[in-house]
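Undergrad: Please read through the structure below; I'll follow up with questions.
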């Protein structure tokens, strides 16, 4: 029976049969472990052979199959837990709940009266069998169906100690444990790789035929390659273990129902526990805030160490789920695992409290670690074409000749060389196999702020309003202080900045805006019960207000695109609301009579110049007691506001942006902008950076959600082009680009999915995109068979960086640990550099594969000709030392040094190298070279037989030298050297071969060694001269010598004797 486990895997149930299992064990013995090896490579075969299909509720083994294009299988054993092992009695009445949460899967997973629970563990996540819904469900987190009322009243008093024990047994420990893999395990895993097993088979065959020296060289290289791989894996395991080790050692205080506060280790936390936050602490779990507020550093998640204010979950009796109550902004109530609480502000009801939502690997940090432990498989033709399924039949067909055993080591060496070159460019890689994938990238997505433009913003000016009209612009470049007024008060108070260790910290935009007022922050860190107080600084303009106290915040959210604060001006007995946000969003909350009529034109005027525009608004609250203000909802506070004006900030392009985008464009690599900023600003930046070339038209795509009386709709509007003026239609054949917001993307994704590919083919600007939408967009591009690169500064880009074929993080924060590549140079120059190195590495990998294949084919043809002529093995046709030298120098040195160590070409070509081994250019290249080699060797083989000095040699018991082998050997050698240079082609992806100084030096050393070796092997006459000079019986005089047996009619010609092999050429005397 099949069932969906989650969106990416399917589950099939099986029951083990002992008889089948016994037959399999016998098969392991009879096949000397070959069958066991096959079952290790293909776990589904082991399940199909030893088990029979059954219903999932009866299965003791499940087989998981991914629903992606890889269709990978994973075997898992079903584990049983018995609650009767607990130290306290548990009711066996099916009507009684085990846990107070009526939505919890635990109540449905435990079978009564057996008190039995079945589960499987997949990628560190535990899934329990739901007896009611008849499927496996994830455990270790509170159900999303809980309402705000449930969170406050069901879990608010705390869990009983008995319920905690039940949850600990079912959910497992709250620990993110990364085992440091023992070296022997890593070694076994590497050795059992199909390629290395095939290599062992080939080397065994070669050793049995006497190829000792070359086989030993291959074994040494393989050992080095495996040792390097094991070392890298071990180092990554140690680093990841150290990264999460402290997570499991935190001491926390929880509330136990009926017992009060209790201190315990964080690994004992369970979903539903009440966690108290006394002050600065590292969060060991995901939790939702229910009392008080706090400031959190979410650098681990976002890549930016920017303090974020968290507010408590509201007390409402709404029946909708607590996440849907806050829509996309539920994160403002959630404290994520791994983040740092740097300041707490208790409410009047007691300490800051939070309900544990998720534990262990279910948390945000756990998900990050899992993405590293279980990366997405590489859908890359090179690796699929070199897989066991393709190489094994090919190898058996060509008798292990055309798939040389040195290939794994050679490919590994190439990646090591590329990684070393990237490291010199300050580009660090944690997934080396993705380097080759970079050579196929044909689309690069860029974040805007901090990636294409400077990270910081510069104040340009303010445009206040009065009497429903915009007033004169106040320019900050003039040096004059911002005059006092509601706009100044809004800029000074509407932010989430805190004073930490004497330094004001917070969002860069908030910080720059606050600095523009010249006011100062008087709040001291550690005074958790105090409010933020701001006062005019020495450089501020004259103000009748001595101080402003910020009493309450409604934090900024990228989904809401606004924030607001409730403040009190010194000397006044009422409160004020100040709001800032995206202009298009903020005006919706303002009274229409306060918004200037030319607002759209004024906004467009500045956004089309590439400025970042923020709108501000204000409202006075006629309330005297703060308790009345606290009871107000955000919707009540943020309504009927007075529009104050615009704050204009300048976001300059980085100097490297325009040249890099031009280089990518000339290389025919698409560039796309994915940003959370204003759509018009994004279009302007795209035009100024020439991501959208001059003269190209932009079509704005705007989609609307379905309403009661109208379905979802899409509107296409041509954006006015300043060069060509306004236009109504796009001319056929002209270049155009689509631009849309995150909201429109979501509507099209849900309601116009068939239209999405048509838009993405020409989509260039995607603005106001949430982190989830960024990841979704990258995935949609990949579905169109684009090889996608993603470059971001780490802020809200983590998901997209992980999703892309090549994610490049410009941030060194902890969030970039899941990004395959990290650049220490915070600009996009790393993108073309990475693509160049990827192309060079990819071409080198194919070159090595072609060269080693051609080398083996060349020897195969020569050997076949000699065997066909009934001569001896090719190895013994020439002096064995010569053959060893040929293999060691031509195969190993040329393939690993000459082909791999050549640097990338400095310019990007307007086309990509071949992406898979079965491409026509590669096959044609190999085929033509094989044909040429075959023709040359056959012609030489036949030509030597026509020479007048040639004589036929009969088969003898001794291995002999022949004219054929002496002729073919130099031809084979020259052919192999020529092929090495042919496959070392430089431009357009690599530098010329003569720039490969490593290979040149190695060639010089090899020439010297070859000369020294040649003196020893080929100059036998010198050896004879030395021996004869020491022989007192030589030269013979006055005597006659006879053969051992004169009657046989043979004469032994000592001139053909080889001192290495002691072989004799036997020539029959012709009478």
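Glycine residues also receive a Cβ, built from the backbone N, Cα and C atoms like all the rest.
Among the features that TrEMBL reports, domain 'P5B-type ATPase N-terminal' is placed at 10-130. If you look up TrEMBL, you'll see 21-41, 214-233, 922-944, 968-984 marked as transmembrane segment. What TrEMBL records for 154-201 is domain 'Cation-transporting P-type ATPase N-terminal'. Taken from TrEMBL, the feature domain 'P-type ATPase A' covers 252-372.
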Undergrad: Summarise the domain 'Cation-transporting P-type ATPase N-terminal' (154-201) by DSSP state, stating how many residues are helix, strand and coil.
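TA: Residue counts in helix, strand and coil order: 29 helix, 1 strand, 18 coil.
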Undergrad: Can you check how the pLDDT averages out over the domain 'P-type ATPase A' (252-372)?
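TA: The predicted confidence over the domain 'P-type ATPase A' (252-372), as a mean pLDDT, is 81.
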Undergrad: Taking helix as H, G and I and strand as E and B in DSSP, count the residues of the domain 'P-type ATPase A' (252-372) in helix, strand and coil.
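TA: Helix, strand and coil residues of the domain 'P-type ATPase A' (252-372) number 30 helix, 50 strand, 41 coil.
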Undergrad: Could you give me three numbers for the domain 'P5B-type ATPase N-terminal' (10-130), the DSSP helix, strand and coil residue counts?
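TA: Going through the domain 'P5B-type ATPase N-terminal' (10-130) residue by residue, I get 39 helix, 39 strand, 43 coil.
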